[in-house]
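**Student:** The structure's right below; bear with me while I get my questions together.
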Amino acid sequence: MFNIILFVIIIDVIKALNRDVNTFSNYHEIQIHKLHIEWLLDLNQKIINGTAEYHFNVMKNNIKEIHLDIYQLDIIIVYDYNTGTVYKHEIQYMGEQSLKQGDILKIYLPKSYNNGDQIKLRIKYGVTEKARALSFMTKEQTESKVLPYLYSYCQDNNCRSMIPLQDTPSIKQYFSALVLVKDPRIKVYMTGNLLEGKPFNRMNVYTESLTEYHISLDIKIPSYLLAIVAGNLEQRKVGNQQTSRSYVITEPTSIDRVALELEFLQDYVDALSNYIGPYEWGDYKIVILPPSFPLGGMEHPLLTFASPTIIVGDKSGVGVAIHEIAHSWVGNTVTCSDWANMWINEGFCTFLERKILEQYNGADYSKMYSFLSNDTMFQQMARYGMDHSYSSLHPNTSGENPDDSQSEVPYNKGYQLLVYIEQQIGEQNFQKMLQQYIIQFKWQSIDEDIFYRYLLSWISTNLGKEHASLKEIKTIYKEWVYVPGKPPRQLDFHTDAYDKAMALAKAWLDNKGDKVPDNAEDYRNYIYYQKQQFLNEIATKYGDMTDKNYKLIDQTYQLSDQKDSRLLYRWLIGCLRGKFYDRMEVIKNFMGTHGARSWLVNMYETLFKDKPDVAREWFTEFRDFYHPSVVDALENGIFKNSIKKIEQ
């Protein structure tokens, strides 16, 4: 009871302030309505010359300052949009917060402004490879090895490292860009539509010949959804060439296999539309990025990013694509108001993803997926501590980089809450509720309490004020959201497929590597998540494994040689835990060619416990390959105080 009371008190205080704790901006007083940027990219020097143009709406009276979030940006000048009058500005450095969440750009206005006024100004600034949102890659680091490459990753609050802005999901703005490159072979894509002609005038004068890309988005989005990718890229329509509006983008060397793997992309968009409502964003495009991308995917409108690990040849990785498409409704259309409410994006999205996967692959597939994700979530909760707020659906990220709270918790604890509500009101009713929820909060940023009140109102209006579900939802909802640890109600994701995978793992564990079990060949016919469950069990029970066992399992299934990176990771993390080092070259190669943050953190933590010198040596060798957010997580985690940070 104490925990519940404590967390309710904390959240009541936060709601009273009604403020995103992970932005320094004064967004309650003045808000960006429209943002236009002009960027001159120099991918060889790893710098961007930037100018940002802002249209602000003033929300309160007597406003004399604008506060924007920045991270390691070189601010050159702030000036009036129309007259060119220079505005005084200063950077307020935030001490230990500078490298966690950045600093404040304070702009002093020449007069007071009141509610309803508009302000237009520009900021000239420079971006370097210190920007933790950006990954600058040499041509040698790419697959085609022809041109340098750039991609961004702004979630949670990293956009402030490439544009001064109000870096909070509470604020949505219209966005447009003029991007210039010196090498005409470099193709550029950003969040939004690539425009015909040259509708935007340059804000700066350049002496050299430059190729221009004009991009615009006429739907407001929060800052974390801004994205860029630039390099040797090719775009190709997939699916029916007459009716499809879906495209893949990647390096020309892999465009054929990517297009084949994602040939049903439009079908996934249509399946989600049939369940949740119309797709509002026009085209759908997915970029398969280089291996250093730190996540499975990222849902920027009209420019989804995905890891190459989803391209495995058998379409078993398309769940990531479906998940990111689902964000077109939950996340991009209806958005969490801050990172303490991330489950409003990810829990809903996971629910939609698994609904569609069940349509394509059956109930066992979806249940096995849920079971495995649940198991991963509990492991992460144990690592945080079952009483830590990061083990709740409402993490306290005050004074912290909210990236540090990212885990399976908002995905799976949120998903399970929605499944439980669905069980209480019925599948058809739940689907109707979700469809109307999207309509009700379209283009808005909301928190869990807004959804909670909407849910209760919807049930009362459509199912009756005395509907049995109301009492149970009122009983469990706030505890499910705010109290860390396991949910107050446990859901059953058990299947026969799970039992078979566990039986095979037990057979291998029992024989200690003396012989191949009689049921060993069953593995080859398993669905993907059965294979994952088998490997997870082997990795978890590493204390019962022997070197003979590892060798025989590897020999039987050629696990160290498999092409599916997701399965290979689960095998290799088990080898590290069990100190089976016969395949160290495979482990090293994997850690030097894959950028997934969760994988690398787990592998380095495990390796460091037994072989700290090897872990430090490998990290130093591969550091330049990793995305800045991964470097930050490792340097401030397992390697803190053990490796001198290299100046970017």
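Yeah, the Cβs are placed from backbone N, Cα and C, and that goes for glycine too.
Fair warning: this is a prediction, and the values are worked out from it, not measured in the lab.
Positions annotated as active site, proton acceptor by TrEMBL: E324. Residues or ranges marked as active site, proton donor by TrEMBL: Y411. Per TrEMBL, the feature Zn(2+) binding site maps to H323, H327, E346. Residues annotated as domain 'Peptidase M1 leukotriene A4 hydrolase/aminopeptidase C-terminal' in TrEMBL: 496-638. Annotation comment: TrEMBL describes 1-16 as signal peptide.
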**Student:** Quick one: Cα separation, H327 (Zn(2+) binding site) versus Y411 (active site, proton donor), in Å?
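**Tutor:** Cα of H327 (Zn(2+) binding site) to Cα of Y411 (active site, proton donor) measures 12 Å after rounding.
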**Student:** Summarise the domain 'Peptidase M1 leukotriene A4 hydrolase/aminopeptidase C-terminal' (496-638) by DSSP state, stating how many residues are helix, strand and coil.
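**Tutor:** Looking at the domain 'Peptidase M1 leukotriene A4 hydrolase/aminopeptidase C-terminal' (496-638) with DSSP, the answer is 108 helix, 0 strand, 35 coil.
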**Student:** Where Y411 (active site, proton donor) and E346 (Zn(2+) binding site) are concerned, what is their Cα separation in Å, rounded?
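**Tutor:** Here the two Cα atoms lie 5 Å apart.
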**Student:** Using the centroid of the Cβ atoms of H323, H327, E346 as reference, list every other same-chain residue with Cβ within 8 Å of it (recorded Zn(2+) site), in sequence order.
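**Tutor:** Near the Zn(2+) site, the remaining chain residues are G297, E299, E324, A326, V330, G331, N345, F348, C349, T350, L352, E353, Y411.
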**Student:** Which whole-number value in Å describes the distance between the Cα atoms of E324 (active site, proton acceptor) and E346 (Zn(2+) binding site)?
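**Tutor:** On Cα coordinates alone, these residues lie 10 Å apart.
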**Student:** 10 Å Cβ neighbour count around H327 (Zn(2+) binding site)?
**Tutor:** 24
**Student:** My understanding is the cutoff is Cβ-Cβ under 8 Å with a sequence separation of 6 or more in the same chain; which residues meet that for H323 (Zn(2+) binding site)?
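**Tutor:** Listed in sequence order: G296, G297, C349, T350, E353.
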**Student:** Going along the chain, which residues six or more apart from E346 (Zn(2+) binding site) have their CB under 8 A from its CB?
**Tutor:** G331, P410, Y411, G414
**Student:** Suppose we draw a 10 Å sphere around the Cβ of the residue listed as 'active site, proton donor'. How many other Cβ atoms does it contain, all chains included?
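**Tutor:** 24, counting other Cβ atoms within 10 Å of the residue listed as 'active site, proton donor'.
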**Student:** Within 10 Å of the Cβ of the residue listed as 'active site, proton acceptor', how many other Cβ atoms are there?
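**Tutor:** Other Cβ atoms within 10 Å of the residue listed as 'active site, proton acceptor': 26.
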